[in-house]
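Annotations per TrEMBL:
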- 12-32: transmembrane segment (TRANSMEM)
- 44-62: transmembrane segment (TRANSMEM)
- 74-94: transmembrane segment (TRANSMEM)
- 114-130: transmembrane segment (TRANSMEM)
- 142-164: transmembrane segment (TRANSMEM)
- 170-186: transmembrane segment (TRANSMEM)
- 193-216: transmembrane segment (TRANSMEM)
- 281-307: transmembrane segment (TRANSMEM)
- 319-344: transmembrane segment (TRANSMEM)
- 356-375: transmembrane segment (TRANSMEM)
Amino acid sequence: MKKFFKGLDWYLFFPYLLLCGIGIVMVYSSSAGIGLTHGGFATAYLYKQIGFVAIAMILMFLMYRIKLKIFQNVYFIMVFSVILVFLLIGVFFVSKKINGAAGWINLGPINLQPAELCKFYFIIYFANFFNKRSSIIAQEGLWRATTYNLRPLFLPILILFLVLAQPDTGGFAINLFIIVIMFLAASTAPKLVVGIVSFCLVLPLMVMHLAGSWIIQFADNSSNYKIQRFVSFADPFLHAQSSGQQLINSYYAISNGGLFGRGLGNSIQKMGYLAEPNTDFILPIISEELGLVGVVFILALLFILIARTIKIGIRTTNIYYSTICYGTAAYLMIQTLFNAGGAVGFVPLTGVTLPFISYGGSSIITLSLCLGLVMKISHNEQRIRDQRVPRLRSLRN
């Protein structure tokens, strides 16, 4: 057991463990009423979430223990690509549409969401893409390295647009953001990436807020579910009985919680007022029950994960390792922003989950796979540093 945990990055693992534990508790608290309402048991979602977390942790440790060269194998990448294409096409034929989107494949007791697996796929695919072209990037720049042969980009572009076609705009935006950040990280000085990322996040949000009145004027009468989400984002109180109702109830939950909350299990808004209290709107439930203190604690844990992942990416000189780290950090960052921002009206509602906290298997498993890769990279880099220290000491002596 000691050998198994040797070299484990506790700055990653401990926050991950805490988030998964908090997630299990809050999924139970937020979904007990839903389970009873649908004629089941109050613990129905709890047991499923425990199962999802157990599988996710096993897969994370598997990523931590195996050699990363497996993911650099061209046959592995091709097989993974083909499987994803078939899964994404399959959802159009076997998936039941929810809010206009067909994104889930029913596998009996669980639902598989292929768009979530795409995030892991894009991270390892583009890490390989940049690693193979690292010498060209160094000599001629990223643009030349990317455009001299565009054939390897066909499958990822196809997969990206299959996600958009479901339509899953939230999943599409997250996947696109991951790819863009990995492109920037492959060519830009690492310390500048944070500034560029901030600009890429803030600019679209400023445009959406400034265009709020225009959105209401031209999209108010649309029956499209996605457009109505933008309308409610622009002014939820103008549509308090329709598309803005969920966001207003989210505000009530946050307001009711105050600084320390009403107490675990005492949320009012989870009792039928919020449609997805255990997934999309779990953060307002946390705010109502645990208060601002609970929300800040969870967001701080996520920030530690993101910051640590970026630090590992900056410290490594291996482009394959660094792009995996930046891709994973981008994944955690944008998903947290979309979920938390949607709950407070900072961004339009996208239907994405809060990392490691919301109910759902596909999301937590994909996030754990990515984090497992980062933990493996951290272990490898630490081993290299440990080998380097005795050599430096011997040279000094």
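Including glycine, each Cβ sits where the backbone N, Cα and C put it.
Keep in mind the model is a prediction, meaning the values are calculated, not measured.
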For the transmembrane segment (356-375), I need the partner stretch with the highest count of C-beta pairs below 8 angstroms, choosing only from 12-32, 44-62, 74-94, 114-130.
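The listed stretch sharing the most Cβ pairs with the transmembrane segment (356-375) is 44-62.
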Decide whether the stretches the transmembrane segment (170-186) and the transmembrane segment (74-94) have at least 3 CB pairs under 8 angstroms, with pairs required to be 6 or more apart in sequence.
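No; fewer than 3 Cβ pairs under 8 Å.
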In terms of Cβ proximity under 8 Å, which residues at least six beyond the ends of the transmembrane segment (319-344) contact it?
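Contacts of the transmembrane segment (319-344) (Cβ under 8 Å, skipping residues fewer than 6 from its ends): 68, 72, 119, 122-124, 126-128, 130-131, 134, 137, 170, 173-174, 177-178, 181-182, 185-186, 190, 193, 197, 201, 250-251, 254, 280-281, 283-284, 299, 302, 305-306, 309-310, 312-313, 350, 352-355, 358, 367, 370-371, 373-374, 377, 380-381.
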